[in-house]
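Here's what Swiss-Prot has on this protein:
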BINDING   Cys64, Cys67, Cys70, Cys114  [4Fe-4S] cluster 1 binding site
BINDING   Cys74, Cys104, Cys107, Cys110  [4Fe-4S] cluster 2 binding site
DOMAIN    55-84  domain '4Fe-4S ferredoxin-type 1'
DOMAIN    95-124  domain '4Fe-4S ferredoxin-type 2'
Amino acid sequence: MFPMVPEFMNYGQQTVRAARYIGQGFMITLSHANRLPVTIQYPYEKLITSERFRGRIHFEFDKCIACEVCVRVCPIDLPVVDWKLETDIRKKRLLNYSIDFGICIFCGNCVEYCPTNCLSMTEEYELSTYDRHELNYNQIALGRLPMSIIDDYTIRTILNLPEIKT
């Protein structure tokens with residue numbers, strides 16, 4: 001009799017459903033309006049890294065005994081250790097030690113298994129360069145201690161702690 005009546009009812013139901021979905025999305029948007037921003041202004045603000053952060057590797061040349069444990073435990077055989085055997089004292093003398101941070105996966109195995117603790121992880125993570133060959137650090141570059149983020153007065157540090165809801 002009136003074939004258009006069910007179509008109008010179906011259209012009305014779809015309109016109500018669409019309005020409900022829009023309202024749900026709007027409520028989610030309003031719930032996010034009161035939250036603090038998550039982003040930081042990176043070069044001027046930096047997050048304080050955790051105590052166990054695995055950044056650039058620091059190397060102490062005087063402590064190394066050239067045992068090559070770091071090379072054996074590295075999943076990609078990355079550290080290059082050059083040494084010379086001193087026959088009169090029957091010991092290895094370290095000549096050169098280098099790590100290519102363009103290849104390093106920062107797993108920390110070399111630091112963990114080093115018997116003399118001559119390797120350690122720092123909180124330095126800004127290693128970007130325009131030339132990948134500059135990422136190959138020798139023992140002099142690895143021995144340089146980085147400036148602590150907390151001690152740098154030119155930037156504002158932000159503590160990265162989860163918020164406690166009260």
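Including glycine, each Cβ sits where the backbone N, Cα and C put it.
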Listed binding-site residues are Cys74, Cys104, Cys107; which of them have CA atoms within 10 A of the CA of Cys114 ([4Fe-4S] cluster 1 binding site)?
none
Are there any residues at least 6 positions away along the chain from Cys67 ([4Fe-4S] cluster 1 binding site) with a Cβ closer than 8 Å to its Cβ? List them or say none.
Lys92, Pro115, Thr116
In the structure shown, which of the binding-site residues Cys104, Cys107 has the fewest Cβ neighbours within 10 Å?
Cys107
Segment confidence, the domain '4Fe-4S ferredoxin-type 2' (95-124), expressed as mean pLDDT:
95
For the domain '4Fe-4S ferredoxin-type 2' (95-124), DSSP counts of helix, strand and coil?
5 helix, 9 strand, 16 coil
If I take the Cα of Cys64 ([4Fe-4S] cluster 1 binding site) as reference, which of the binding-site residues Cys74, Cys104, Cys107 has the closest Cα?
Cys74
Just counting, how many other CB atoms are there within 10 A of the CB of Cys70 ([4Fe-4S] cluster 1 binding site)?
25
Cα-to-Cα gap, Cys107 ([4Fe-4S] cluster 2 binding site) vs Cys70 ([4Fe-4S] cluster 1 binding site), nearest whole Å:
12
Assigned element (helix, strand, coil) containing Cys67 ([4Fe-4S] cluster 1 binding site), judged by DSSP:
coil
